[in-house]
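Chemist: Have a look at this one.
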Amino acid sequence: MAARSPITCHVLDSSCGRPGRNVPVKLEILNTAANNTWGGLATGLTDSDGRVGTLLDPSHQLVAGIYRMTFQTSDYWASVGVIAYFHPYVQIIFEVAPGAEKQHYHIPLLLSPFSYTTYRGS
Amino acid sequence: MAGGRSPITCHVLDSSCGKPGNNVPVKLEMLNPAANNAWASVAYGLTDSDGRVGTLLDPSHQLVAGIYRMTFQTAEYWTAKGVTGFFYPYVQIIFEVASGAEKQHYHIPLLLSPYSYTTYRGS
(Lines of atoms letter the chains of each structure in order from A and count residues from 1; the text may use other names and numbers.)
(Lines give C-alpha, C1' and ligand atoms only; values in the text may rest on other atoms or scores of the structure.)
Protein backbone atom coordinates (compact mmCIF):
# COMPACT_ATOMS: atom_id res chain seq x y z
CA MET A 1 0.00 0.00 0.00
CA ALA A 2 1.35 3.43 -0.91
CA ALA A 3 2.30 5.57 2.05
CA ARG A 4 -0.54 7.61 3.46
CA SER A 5 -1.27 10.14 6.19
CA PRO A 6 -1.26 8.37 9.59
CA ILE A 7 -4.67 9.95 10.26
CA THR A 8 -7.29 9.79 7.52
CA CYS A 9 -11.00 10.57 7.31
CA HIS A 10 -13.98 9.74 5.13
CA VAL A 11 -17.26 11.62 5.03
CA LEU A 12 -20.30 9.79 3.71
CA ASP A 13 -23.66 11.46 3.33
CA SER A 14 -26.08 8.76 4.35
CA SER A 15 -29.06 10.91 3.39
CA CYS A 16 -28.23 10.45 -0.30
CA GLY A 17 -25.77 7.56 -0.30
CA ARG A 18 -22.83 9.51 -1.63
CA PRO A 19 -19.48 10.81 -0.38
CA GLY A 20 -19.57 14.16 1.39
CA ARG A 21 -17.43 16.38 -0.80
CA ASN A 22 -15.98 19.81 -0.06
CA VAL A 23 -16.32 19.37 3.70
CA PRO A 24 -13.70 21.48 5.51
CA VAL A 25 -11.74 19.33 7.97
CA LYS A 26 -9.45 20.53 10.75
CA LEU A 27 -7.15 18.35 12.87
CA GLU A 28 -5.80 19.52 16.23
CA ILE A 29 -3.87 18.03 19.13
CA LEU A 30 -4.42 18.81 22.80
CA ASN A 31 -1.37 20.50 24.24
CA THR A 32 -1.30 19.49 27.88
CA ALA A 33 1.88 21.52 28.41
CA ALA A 34 0.11 24.71 27.25
CA ASN A 35 -2.85 24.76 29.63
CA ASN A 36 -4.81 22.24 27.60
CA THR A 37 -5.19 24.36 24.49
CA TRP A 38 -5.74 22.87 21.06
CA GLY A 39 -2.85 23.19 18.62
CA GLY A 40 -3.55 23.17 14.89
CA LEU A 41 -1.97 20.26 12.99
CA ALA A 42 -3.62 20.22 9.60
CA THR A 43 -6.59 21.37 7.56
CA GLY A 44 -8.08 20.02 4.40
CA LEU A 45 -11.17 19.75 2.26
CA THR A 46 -12.77 16.45 1.34
CA ASP A 47 -12.52 15.44 -2.30
CA SER A 48 -15.11 13.85 -4.56
CA ASP A 49 -14.73 10.59 -2.63
CA GLY A 50 -15.29 12.35 0.70
CA ARG A 51 -11.66 11.94 1.74
CA VAL A 52 -8.83 14.36 2.42
CA GLY A 53 -5.91 13.26 0.27
CA THR A 54 -3.01 14.03 2.54
CA LEU A 55 -4.05 15.47 5.85
CA LEU A 56 -0.64 14.74 7.36
CA ASP A 57 2.49 13.87 5.46
CA PRO A 58 3.05 10.10 5.30
CA SER A 59 6.36 10.63 7.10
CA HIS A 60 4.64 12.40 10.02
CA GLN A 61 5.19 10.42 13.21
CA LEU A 62 2.20 10.70 15.49
CA VAL A 63 2.74 11.43 19.14
CA ALA A 64 0.52 9.90 21.78
CA GLY A 65 -2.23 12.24 22.93
CA ILE A 66 -5.75 13.52 22.45
CA TYR A 67 -6.65 14.66 18.94
CA ARG A 68 -9.70 16.53 17.70
CA MET A 69 -11.05 16.38 14.17
CA THR A 70 -13.62 19.02 13.22
CA PHE A 71 -15.87 18.69 10.19
CA GLN A 72 -17.61 21.94 9.13
CA THR A 73 -20.79 20.19 8.18
CA SER A 74 -22.82 23.42 7.92
CA ASP A 75 -20.68 24.36 4.92
CA TYR A 76 -21.45 21.00 3.37
CA TRP A 77 -25.21 21.20 3.86
CA ALA A 78 -25.24 24.73 2.44
CA SER A 79 -23.33 23.52 -0.61
CA VAL A 80 -25.89 20.80 -1.32
CA GLY A 81 -28.84 23.13 -0.68
CA VAL A 82 -29.96 21.57 2.61
CA ILE A 83 -31.14 24.28 4.97
CA ALA A 84 -32.48 22.19 7.85
CA TYR A 85 -29.86 20.30 9.85
CA PHE A 86 -29.13 19.78 13.53
CA HIS A 87 -25.35 19.81 13.96
CA PRO A 88 -23.55 22.94 12.64
CA TYR A 89 -20.28 21.07 12.89
CA VAL A 90 -19.04 17.72 14.14
CA GLN A 91 -16.07 17.37 16.46
CA ILE A 92 -14.62 13.96 17.12
CA ILE A 93 -12.15 13.70 19.98
CA PHE A 94 -10.03 10.56 19.96
CA GLU A 95 -6.94 9.20 21.61
CA VAL A 96 -3.67 7.92 20.21
CA ALA A 97 -2.58 5.84 23.16
CA PRO A 98 1.04 5.47 24.29
CA GLY A 99 2.50 2.53 22.43
CA ALA A 100 0.00 2.93 19.61
CA GLU A 101 1.67 5.84 17.84
CA LYS A 102 2.58 3.77 14.81
CA GLN A 103 -0.95 2.56 14.15
CA HIS A 104 -3.18 4.05 11.49
CA TYR A 105 -6.19 6.10 12.57
CA HIS A 106 -9.12 6.33 10.18
CA ILE A 107 -12.09 8.52 11.14
CA PRO A 108 -15.22 7.83 9.06
CA LEU A 109 -18.19 10.15 9.48
CA LEU A 110 -21.56 8.85 8.33
CA LEU A 111 -23.57 12.03 8.14
CA SER A 112 -27.18 13.01 7.61
CA PRO A 113 -29.00 16.23 8.50
CA PHE A 114 -30.22 15.08 11.93
CA SER A 115 -27.84 12.23 12.79
CA TYR A 116 -24.24 11.09 12.53
CA THR A 117 -22.14 8.04 13.33
CA THR A 118 -18.42 7.65 13.67
CA TYR A 119 -16.13 4.76 14.51
CA ARG A 120 -12.48 3.82 14.38
CA GLY A 121 -12.01 2.51 10.87
CA SER A 122 -9.04 1.23 8.95
CA MET B 1 -47.23 15.06 27.70
CA ALA B 2 -48.03 15.06 31.41
CA GLY B 3 -45.47 16.58 33.76
CA GLY B 4 -43.04 19.22 32.64
CA ARG B 5 -39.61 18.08 31.60
CA SER B 6 -36.30 19.71 30.82
CA PRO B 7 -36.46 21.24 27.32
CA ILE B 8 -33.17 19.49 26.56
CA THR B 9 -32.85 15.82 27.52
CA CYS B 10 -30.30 13.10 26.80
CA HIS B 11 -30.08 9.32 26.82
CA VAL B 12 -26.91 7.28 26.85
CA LEU B 13 -27.13 3.70 25.64
CA ASP B 14 -24.17 1.35 25.72
CA SER B 15 -24.54 -0.62 22.54
CA SER B 16 -21.63 -2.88 23.47
CA CYS B 17 -23.75 -4.54 26.16
CA GLY B 18 -27.29 -3.44 25.31
CA LYS B 19 -27.86 -1.47 28.49
CA PRO B 20 -28.25 2.16 29.48
CA GLY B 21 -25.04 4.05 30.19
CA ASN B 22 -25.31 4.98 33.84
CA ASN B 23 -23.19 7.42 35.83
CA VAL B 24 -22.01 9.27 32.76
CA PRO B 25 -21.19 12.92 33.60
CA VAL B 26 -23.01 15.25 31.23
CA LYS B 27 -22.33 18.96 30.74
CA LEU B 28 -24.48 21.38 28.75
CA GLU B 29 -23.06 24.67 27.48
CA MET B 30 -24.19 27.42 25.20
CA LEU B 31 -22.09 29.42 22.78
CA ASN B 32 -21.98 33.09 23.69
CA PRO B 33 -21.25 35.08 20.54
CA ALA B 34 -21.33 38.28 22.60
CA ALA B 35 -18.42 37.01 24.71
CA ASN B 36 -15.95 36.22 21.93
CA ASN B 37 -17.64 32.88 21.23
CA ALA B 38 -16.84 31.45 24.65
CA TRP B 39 -18.83 28.49 25.90
CA ALA B 40 -21.00 29.28 28.91
CA SER B 41 -22.00 26.55 31.30
CA VAL B 42 -25.75 25.96 31.41
CA ALA B 43 -26.23 22.72 33.33
CA TYR B 44 -24.50 19.63 34.64
CA GLY B 45 -25.74 16.18 35.55
CA LEU B 46 -25.01 12.48 35.84
CA THR B 47 -26.97 9.83 33.98
CA ASP B 48 -29.15 7.56 36.10
CA SER B 49 -29.74 3.83 35.85
CA ASP B 50 -31.78 4.40 32.69
CA GLY B 51 -28.96 6.43 31.10
CA ARG B 52 -30.87 9.68 31.42
CA VAL B 53 -30.31 12.88 33.37
CA GLY B 54 -33.50 13.51 35.31
CA THR B 55 -33.70 17.25 35.16
CA LEU B 56 -30.86 18.82 33.23
CA LEU B 57 -32.78 22.08 32.90
CA ASP B 58 -35.81 23.12 34.88
CA PRO B 59 -39.05 22.44 32.98
CA SER B 60 -39.79 26.17 33.16
CA HIS B 61 -36.50 27.07 31.46
CA GLN B 62 -37.18 28.81 28.18
CA LEU B 63 -34.50 27.97 25.64
CA VAL B 64 -32.96 30.72 23.61
CA ALA B 65 -31.95 30.18 20.02
CA GLY B 66 -28.29 29.42 19.57
CA ILE B 67 -25.57 26.80 19.45
CA TYR B 68 -25.41 24.35 22.34
CA ARG B 69 -22.79 21.78 23.24
CA MET B 70 -23.41 18.62 25.25
CA THR B 71 -20.34 16.81 26.58
CA PHE B 72 -20.46 13.22 27.81
CA GLN B 73 -17.44 12.17 29.89
CA THR B 74 -17.34 8.71 28.42
CA ALA B 75 -13.82 7.89 29.71
CA GLU B 76 -15.23 7.88 33.24
CA TYR B 77 -17.99 5.52 32.15
CA TRP B 78 -15.64 3.01 30.52
CA THR B 79 -13.19 3.16 33.41
CA ALA B 80 -15.96 2.51 35.92
CA LYS B 81 -17.00 -0.55 33.90
CA GLY B 82 -13.42 -1.86 33.73
CA VAL B 83 -13.12 -1.24 29.98
CA THR B 84 -9.56 -0.06 29.28
CA GLY B 85 -9.59 -0.01 25.48
CA PHE B 86 -11.70 2.81 24.10
CA PHE B 87 -11.19 5.41 21.39
CA TYR B 88 -13.03 8.52 22.56
CA PRO B 89 -12.11 10.06 25.93
CA TYR B 90 -15.29 12.14 25.73
CA VAL B 91 -18.04 12.88 23.26
CA GLN B 92 -19.11 16.43 22.40
CA ILE B 93 -22.26 17.01 20.43
CA ILE B 94 -22.81 20.49 19.05
CA PHE B 95 -26.37 21.25 17.98
CA GLU B 96 -28.48 24.22 17.09
CA VAL B 97 -31.73 25.53 18.51
CA ALA B 98 -32.87 27.53 15.52
CA SER B 99 -34.66 30.86 15.71
CA GLY B 100 -38.37 30.15 15.90
CA ALA B 101 -37.75 26.66 17.28
CA GLU B 102 -37.08 27.67 20.88
CA LYS B 103 -40.23 26.01 22.18
CA GLN B 104 -39.46 22.61 20.68
CA HIS B 105 -38.06 19.74 22.69
CA TYR B 106 -34.47 18.66 22.06
CA HIS B 107 -33.52 15.07 22.88
CA ILE B 108 -29.91 13.97 22.42
CA PRO B 109 -29.45 10.19 22.41
CA LEU B 110 -25.92 8.80 22.42
CA LEU B 111 -25.51 5.21 21.29
CA LEU B 112 -22.07 4.42 22.58
CA SER B 113 -19.53 1.63 22.30
CA PRO B 114 -15.77 1.65 22.88
CA TYR B 115 -14.84 2.35 19.25
CA SER B 116 -17.98 3.91 17.82
CA TYR B 117 -20.88 6.23 18.60
CA THR B 118 -24.04 7.50 16.99
CA THR B 119 -26.20 10.46 17.84
CA TYR B 120 -29.34 11.95 16.34
CA ARG B 121 -32.11 14.38 17.17
CA GLY B 122 -34.61 12.26 19.08
CA SER B 123 -37.88 13.01 20.81
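Each Cβ is built from the backbone N, Cα and C atoms, and glycine gets one as well.
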Chemist: Do you know which of B:R52, B:R69 TrEMBL groups with B:H11, B:Y120 in the substrate site?
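Modeler: The record-listed residue among the candidates is B:R52.
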Chemist: Just checking, which of B:H11, B:R52 (binding-site residues) has the fewest C-beta atoms within 10 Å of its C-beta?
Modeler: B:H11
Chemist: Looking only at B:H11, B:R52, B:Y120, which the record lists for substrate, tell me the maximum pairwise CA distance in angstrom.
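Modeler: Among the residues the record ties to substrate, max Cα distance equals 15 Å.
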Chemist: By the criterion CB under 8 A from chain A, which of the binding-site residues B:H11, B:R52, B:Y120 would you report?
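Modeler: Answer, by Cβ distance to chain A: B:Y120.
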Chemist: Using DSSP, what's the helix, strand and coil tally for the domain 'Transthyretin/hydroxyisourate hydrolase' (B:3-122)?
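Modeler: Residue counts in helix, strand and coil order: 11 helix, 54 strand, 55 coil.
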